[in-house]
């Protein structure tokens with residue numbers, strides 16, 4: 001019996017089952033999101049399973065990176081994480097049952113024998129495959145097991161008929177059983193193989209819908225046949241097409257971020273990444289901006305496109321910018337703080353960071369860009385000699401001195417500062433850029449800032465006047 005209880009009326013149960021051999025990448029995150037959203041939409045359950053039987057390549061760091069990525073995206077699971085390495089007893093139990101029932105058998109072929117077998121098949125123009133020499137058949141005499149050789153265990157795959165399923169994304173997919181050889185389900189050292197563990201886990205965990213990348217399509221007929229041999233209910237399958245990079249080739253490291261957490265490090269908001277991932281191969285009419293609650297309400301498998309989705313970094317940046325513009329300023333301040341500190345900003349000596357974020361966030365595509373725009377409010381000035389020579393000319397110095405005098409006594413708020421600029425411009429016959437640019441350079445060290453009146457308001461009267469007078 002499987003160790004998980006089985007309700008009489010099973011609810012929808014999905015799973016995300018990453019292998020911890022690397023970081024949580026964009027494709028994996030989309031699979032997790034769609035599996036999570038499908039379960040949430042139907043009031044079902046979402047299971048997290050870590051497929052860590054590849055001991056040589058699985059690392060604790062990769063497991064933590066996956067958990068961190070899931071937590072950042074807030075893809076909460078109802079059960080798990082389950083680790084396959086903690087379920088080896090269960091796989092061994094099922095293998096013994098299959099050996100006893102005749103659904104599996106021992107194979108003593110050496111690596112050299114298998115290589116020779118494949119070479120001979122290629123020479124005859126045949127598809128390389130296991131020839132079934134250790135497969136028990138009625139009336140067949142098997143070779144004598146060689147002494148001192150530990151056998152593998154192979155699944156006795158049906159040899160006739162077809163295995164087919166109605167894929168919820170790609171439509172009906174069918175394989176001839178004659179094309180499928182007898183899969184190894186346990187290695188010579190007794191460890192179970194990937195395809196077998198997946199089957200037992202999906203069975204035990206009562207998974208009703210398997211949503212995964214289409215690189216698993218070729219695994220599916222083998223897994224279905226094993227499930228049928230076990231007398232297990234076969235789940236529904238939905239295979240998602242691959243994600244292409246901006247240039248139309250398969251998404252890879254050279255297209256930018258390798259892991260989901262790299263987007264966190266670059267200053268993307270998780271809700272923007274969720275929104276973008278949702279639109280990678282799925283749509284709801286023309287809707288582009290929507291929160292996770294709306295996504296869960298809308299999500300279905302019928303509107304997933306069977307063709308490849310194309311990742312567009314600029315579109316993600318645009319989406320992130322929309323979310324930053326709408327975000328709470330206090331939250332943005334907390335997110336921007338580490339970036340500002342990295343920029344060498346002294347946050348104790350400057351205006352309220354939330355107020356600064358409110359001023360500069362309109363044009364910020366990332367939190368990193370937001371922090372870069374805010375840095376000028378929290379650092380020691382170093383305008384370059386070139387900027388000073390270009391903008392602080394003898395012609396404009398009288399107007400700068402006049403402006404400083406007007407700024408000394410007015411009420412320090414944006415409207416009054418703007419009025420002081422207009423009065424100074426009128427008195428000296430200047431256009432706004434002629435006065436605003438040198439003020440920017442002298443007060444912030446930068447030729448480009450947010451609106452000059454708002455910038456001066458946040459910097460404060462004392463700091464503004466000290467910097468103007470120091471130059472005059």
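Using the three backbone atoms N, Cα and C, a Cβ is placed for every residue, glycine included.
Within the set 64-92, 93-121, 122-150, 151-179, the record from Swiss-Prot flags 122-150 under the feature region 'Disordered'.
Swiss-Prot lists motif ''HIGH' region' at one of the ranges 18-28, 29-39, namely 18-28. Checked against Swiss-Prot, the range among 250-254, 255-259, 260-264 recorded as motif ''KMSKS' region' is 250-254.
For the compositional bias 'Basic and acidic residues' (122-138), same-chain residues at least 6 beyond its ends with a Cβ under 8 Å from one of its own Cβ atoms are 102, 105-109, 114, 151, 154, 156, 179, 181-182. The average pLDDT computed over the motif ''HIGH' region' (18-28) stands at 90. The DSSP breakdown of the region 'Disordered' (122-150) into helical (H, G, I), extended (E, B) and coil residues amounts to 2 helix, 0 strand, 27 coil.
The DSSP breakdown of the motif ''HIGH' region' (18-28) into helical (H, G, I), extended (E, B) and coil residues amounts to 3 helix, 0 strand, 8 coil.
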